[in-house]
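Q: Taken from Swiss-Prot, the feature region 'Amidoligase domain' applies to 1-265. The annotation UTP binding site is assigned in Swiss-Prot to 13, 186, 187, 188, 189, 190, 191, 222. Annotation comment: Swiss-Prot describes 13, 146, 147, 148, 186, 187, 188, 189, 190, 191, 222 as CTP binding site, evidence class sequence analysis. Look at Swiss-Prot and you will find 14, 15, 16, 17, 18, 19, 71, 238, 239, 240 tagged as ATP binding site, backed by sequence analysis. According to Swiss-Prot, the feature L-glutamine binding site maps to 54, 352, 380, 381, 382, 383, 403, 469. Look at Swiss-Prot and you will find 71, 139 tagged as Mg(2+) binding site, backed by sequence analysis. According to Swiss-Prot, the domain 'Glutamine amidotransferase type-1' annotation covers 290-541, on the basis of sequence analysis. Residues or ranges marked as active site, nucleophile in Swiss-Prot: 379. For 514, 516, the entry in Swiss-Prot reads active site, with the evidence type sequence analysis.
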């Protein structure tokens, strides 16, 4: 029977509960346990798919097509276990399910209430499908005291009572702020956070205290006394210089030992050699490359979380440090791109939606093509590269995307149908935004002898995760290929372009999918490893 670890947060938001959950999962996995990580989000949206990147950050897409919280990306990268739509739930989805059942008459006329109906739905979600796992780690979004989180806290309170003794542990992540004028760490915010938790019936077993310095023995004793936990269960969560150092930092602080002690379990010491190797490469690079990310949400780095990590993985694979130069694509829409891009070793244009900044991305693709600078276009970045080729190579000055409005030359258009397996999926042009994209893992057939096939080890078919409504128009394929832009990857039915590349360019690849979603520190995605390798070569030429 699985044991459950509930991770909650207090004092302030954005403390890193997702990263802490992922690191703890990795430590338990390194001890030989099988783990599952899940995220419970208290907001009323059905999923983050239609939420602004500036508010929510990245939407992480799973193989089965779920649009989920970015923390699931941390879970996958740290444990290697692919997440599914069953690993993320929101209040919106829970209410939708309950109201659907109510309309159907499933509740037989009962009055629908938060307790027991909402809390039971949350409990059912948490407990479902966990056979075969030793530990299930559940992160509760938000902070203790948030009104929307109360049903989730009540549900996990009940679960501990429902399970056999010793099968649930509460870990509370909190902040110990340092006050320079007083010269000391302050424990009072944590005491109040735990007091709030205890007022709703939850006594944390372990305090994971974020801090930038050592916790003095007196403060540790005070936290243990007033928060009603053992002093050994007050874990010092020191800031780390990179996220892949967190598992080793938390192990050194005793987090995994204390979790196992709370369950009354003993286990072999964790095998952290692979994590040690990753950190050795991060701390001892043999060079550095500069990559320009020409995006439209650069003011919110969390909008590109998986992309940042995938580039880091490419650097790890090549034993180099990857320096990121964030460039808002609007800045050179009406200017020459060269002054902004001449110093970089590679250009990456990521995904995005809408017309804002599109012309700047097209200019970035043109600069990379003409100057022979490595270029990686992802999703929207591929589409803009194709439009650039149509305008400046094929001679179609009005080439554009129908996403931006009516155009006489629709190089990129809205997909209204596509295949998933043997079934045809369709969408109305007037449909809602939510859930209307081509989402999840789809296969792509690669051309034999193409650069991209070589990067994938000679593979002729791959599977990658997608998130897009618009697609390059194959009606222009022959004309583009006549001018050197090769369509080296298509959907198996030959209808949807998946990959384009220039044969006479050091490294210029555009992909319609999101390879960053499948990159891991121990298994860097081959496209990112190859892109950074090309940037290393470019750095020696500049």
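Cβ atoms are placed via backbone N, Cα and C, with glycine included.
Context for these features, please: burial, neighbours, distances.
A: Within 10 Å of the C-beta atom of residue 186 (UTP binding site) sit 14 other C-beta atoms, taking all shown protein chains into account.
DSSP assigns residue 191 (UTP binding site) to a helix in the three-state reduction. Counting only same-chain residues at least 6 apart in sequence, those with a Cβ under 8 Å from the Cβ of residue 191 (UTP binding site) are 223, 226, 227.
When Cβ atoms from all protein chains are considered, those within 10 Å of residue 18 (ATP binding site) total 24, not counting its own.
Under the DSSP three-state reduction, residue 139 (Mg(2+) binding site) is assigned to strand.
Mean pLDDT of the predicted structure over the domain 'Glutamine amidotransferase type-1' (290-541): 90.
Sequence-distant neighbours of residue 379 (active site, nucleophile): residues of the same chain at least 6 apart with a C-beta under 8 Å from its C-beta are 350, 351, 352, 467, 468, 511, 512, 513, 514.
Every protein chain considered, the tally of other Cβ atoms within 10 Å of the Cβ of residue 514 (active site) stands at 23.
Cβ neighbour count for residue 516 (active site) (all protein chains, 10 Å cutoff from its Cβ): 27.
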Q: Quick check: of the recorded positions listed here (16, 18, 190, 516), which one has the Cα closest to that of residue 139 (Mg(2+) binding site)?
A: 18
Q: I'm trying to understand the geometry here, so how far is the Cα atom of residue 187 (UTP binding site) from the Cα atom of residue 383 (L-glutamine binding site), in Å to the nearest whole number?
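A: Counting only the Cα atoms, the answer is 52 Å.
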Q: May I ask which of the binding-site residues 188, 189, 380, 381, 469 is closest to residue 16 (ATP binding site) if we compare their C-alpha atoms?
A: 189
Q: Out of 14, 190, which of the binding-site residues is least crowded by other Cβ atoms within 10 Å?
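A: Minimum Cβ neighbour count within 10 Å, taken over the binding-site residues 14, 190, occurs at 14.
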Q: Within 10 Å of the Cβ of residue 54 (L-glutamine binding site), how many other Cβ atoms are there?
A: 11
Q: Cα of residue 403 (L-glutamine binding site) to Cα of residue 516 (active site): how many Å, rounded?
A: 24
